[in-house]
Amino acid sequence: MKQLLEFIPLILFFAVYKLQGIQAAAITLIIATLIQLMILKLKYGKIEKQQLIMGSAVVFFGSLSAYFNELEFLKWKVTVVYALFSLILLVSQYGFKKPLIQQLLGKEIQLPTYVWHNLNLGWAVFFLLCMLINLYISQYLSDDIWVDFKTFGILGMTLIATLVTGVYIYRYLPKSEQE
């Protein structure tokens, strides 16, 4: 339910962009994101930091896109957010005792320390890769292709990365947790 709720603003953005253009799509994205955050707060009692970062970025860059009727600002949102996620993971990897991934999931899953470091580094590289691909597509291909990529390409890449992560984690789970 929670993951589905996170994709509703993106799907609405895609549909409104295709039907009415960037200004209406940006406004729709902002409103849908704010509603999504309110629902998450009411249903789960809190808004996670990642959701707060994404929501703030949507409101900021989406407002600029709506005001100037220009998609470029939302293109930069994706680049900035993925760069920020990658940087945060890298800083946690090398600057703190535990990588961020371990801090987030370590209570639910018991894994060797080096596995946590590999996962953290893997996701940092993934976000960096998403940032670079987004940067290329946003600058060298059409706006329509970028919207398609943002809606379906990044979603597909994220699902694949999540699946690979799950398979990787499974190999290192204690036998009792594998069942």
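Cβ from N, Cα, C; glycine included.
Swiss-Prot has this to say about the protein:
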| type | residues | note |
| --- | --- | --- |
| TRANSMEM | 11-31 | transmembrane segment |
| TRANSMEM | 52-69 | transmembrane segment |
| TRANSMEM | 71-91 | transmembrane segment |
| TRANSMEM | 121-141 | transmembrane segment |
| TRANSMEM | 149-169 | transmembrane segment |
Please indicate, using numbers and ranges, the residues of the same chain that are 6 or more beyond the transmembrane segment (52-69) and have a C-beta under 8 Å from a C-beta there.
9, 21-23, 26-27, 29-30, 33-34, 36-37, 76-77, 80-81, 84
Residues from the same chain, set at least six apart from the ends of the transmembrane segment (11-31), whose C-beta lies under 8 A from its own:
58-59, 62-63, 65-66, 69-71, 74, 143, 147, 151
